[in-house]
Amino acid sequence: FADLADMSISEDIAVEGEITVPVGAPSPDEDFSTLDEPVRETIMRDLKAVGKKFVHVMYPKKSSALLRDWDLWGPLVLCVSLALMLQGGSADSKEDGGPQFAEVFVIIWFGAVVITLNSKLLGGTISFFQSLCVLGYCVMPLTVAMLVCRLVLLAGSGTVSFIVRLIVVLAMFAWSTLASTAFLADSQPPNRKALVVYPIFLFYFVISWMILTFTPQ
């Protein structure tokens with residue numbers, strides 16, 4: 001190895017790759033993730049997002065608010081609440097109300113899936129879960145109608161009670177249908193909107209019928 005000690009590099013040798021060292025401290029935003037924030041902040045941020053979506057449903061207009069940051073927490077809460085309020089509403093006092101809870105889940109989730117598939121087959125431009133999010137959040141007016149109907153039934157179940165419940169359910173049914181179509185209208189081809197609105201109409205009509213015909217044990 002004696003000869004190697006006398007050797008010298010007479011010219012620069014090109015080195016491939018980036019070997020420069022970045023100058024300056026990294027930005028905090030670049031290293032930030034939800035894993036680094038407290039659980040309380042994560043929960044509060046998600047609750048605020050769900051609350052904003054509820055507000056958009058209460059004041060429906062053509063907007064992409066429910067489509068940009070979709071989630072299924074709101075629809076799940078509405079579905080559970082509606083199922084719990086419908087539980088035990090059977091004319092046969094021997095039944096324990098279990099089938100009503102399952103019926104609500106099957107009708108809401110299976111119905112929303114069928115409507116979403118129908119929308120996609122007709123050329124809809126929104127994703128599967130975006131459609132489920134909109135249809136689920138727009139159940140909110142019917143959930144409010146169910147709550148009002150239960151309060152009205154506490155006062156009695158006569159003709160006046162039925163008329164009041166009918167008006168409330170019809171108003172909330174129209175609200176749910178208009179809200180969902182307002183969010184989903186722009187995602188469908190203009191010549192096929194009627195084919196998309198009709199299943200949505202049936203979807204909320206079935207839920208409304210269950211609410212209107214509800215009679216506590």
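Any Cβ shown, glycine's included, is placed from N, Cα and C.
What TrEMBL records for 59-210 is domain 'Yip1'. Residues or ranges marked as transmembrane segment in TrEMBL: 70-89, 101-122, 134-156, 162-184, 196-215.
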Item checked: Stretch with greatest number of CB pairs under 8 Å, the transmembrane segment (134-156) reference, 70-89, 101-122, 196-215 candidates -> 70-89
Check: For the domain 'Yip1' (59-210), what's the model's average pLDDT?
Finding: 81
Notebook entry, point to check: Same-chain Cβ contacts of the transmembrane segment (70-89) under 8 Å, 6 or more residues past its ends?
Noted result: 46, 49-50, 53-54, 96-98, 100-101, 103-105, 108-109, 112, 127, 129-130, 132-137, 139-140, 142-143, 146-147, 150, 207, 210-211, 214-217
